[in-house]
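Peer 1: Next up is a structure, given as structure tokens.
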Amino acid sequence: MKSRIVIKCGGSTMDQLPPEFFQTIAQIQAKGAELIIVHGGGPAINARLKQLNIEPQFADGLRVTCAQTIEVVEMVLAGTINKQLVRALLSAGASALGISGMDGRMLVARQTAQPIGLVGEIEQVNPEPIFHALSGGYIPVIAPLGLTALADQALNLNADTAAGAIAARIRAEKLLMITDVPGILQVRNGEKQRLAHTNPIEIERMISTGEIHGGMIPKVRAACSALGQGVKEVVICQGTTADLLAAAAGNPVGTSITAETPITGGAKR
Ligand SMILES: Nc1ncnc2c1ncn2[C@@H]1O[C@H](COP(=O)(O)OP(=O)(O)O)[C@@H](O)[C@H]1O
Ligand SMILES: CC(=O)N[C@@H](CCC(=O)OP(=O)(O)O)C(=O)O
């Protein structure tokens, strides 16, 4: 069976991903892996909102999304960022097809109970649009937007959560989260060091002590949820060629999160 990998590209990395990143993705696709990209775009949404004199607002890491904001979110995620990634992939020689979670009713969501407007919690992932793209030889490039089941209202979704839910639903063996740090960092002997391997129990402890905070929280929560639903490994790393190739080959890179605790200090594979 082909290896199936979901790659989440964080909004924090969007302007920094070099052509080699996309060329490496094209190489991995050419070797026969099934790749699915889910992208964020938080910083680009903030910049566009500021141009419109709207101050971005967040509650627990989620964007407070009013009717005017969802229009900007849709425009930036499904438009600007999605097409920027598709163009970069095509230029690198990969076959890519840009869609949003609304297309084909892929991501069905309900409005979150928190009073933060048009933000969704995923209720159901319909994988058919993804499978159609994969069987046509395309990398689906997915913007994190959902639709409500009854009213077809567009909802803003956190991209980490969307990537985790998709990885679980399509039984991806691996979820790769590309971000702007080399992995989960922990202060040891006064220095920030990358954790080579961790697990959901240790992650909960690090959230409670504040060692994991901000944008890393939705990432690790999505990782733990995906592991609980059958994804074997989640890797948090940067988008260098070396990182990407190592992760695709199953070699240690960034922070590897698996459900079980390693017996020794190294990553268990
Ligand atoms: N323990 C930690 N290790 C690494 N990064 C952390 C940690 N806790 C919080 N962070 C923050 O999480 C950020 C990554 O999340 P975020 O900015 O949302 O990225 P993305 O746009 O890639 O999803 C890092 O830049 C860092 O500031
Ligand atoms: C509900 C919610 O907060 N949605 C996010 C969607 C983009 C995202 O998650 O982008 P990153 O990868 O940069 O974090 C937002 O509006 O910013």
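Even glycines carry a Cβ here, placed using N, Cα and C.
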Peer 1: Select one of N156, N189, N199: the residue that TrEMBL places in the substrate site alongside G41, G42, R63.
Peer 2: N156
Peer 1: Give me the count of other Cβ atoms within 10 A of the Cβ belonging to R63 (substrate binding site).
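Peer 2: Within a 10 Å radius of the Cβ of R63 (substrate binding site) lie 22 other Cβ atoms.
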Peer 1: In sequence order, which same-chain residues at least six apart have a C-beta under 8 angstroms from N156 (substrate binding site)?
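Peer 2: The list for N156 (substrate binding site) reads R63, T65, T69, I70, V73, L118, V119, G120, P144, L145, given in order along the sequence.
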Peer 1: Across all protein chains in the structure, which of the binding-site residues G41, G42 has the highest Cβ count within 10 Å?
Peer 2: G41
Peer 1: Helix, strand or coil: which one is K219 (site 'Transition state stabilizer') in, per DSSP?
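Peer 2: Its secondary structure by DSSP: helix.
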Peer 1: Have a look around K219 (site 'Transition state stabilizer') and count the other CB atoms within 10 A of its CB, chains all included.
Peer 2: 26
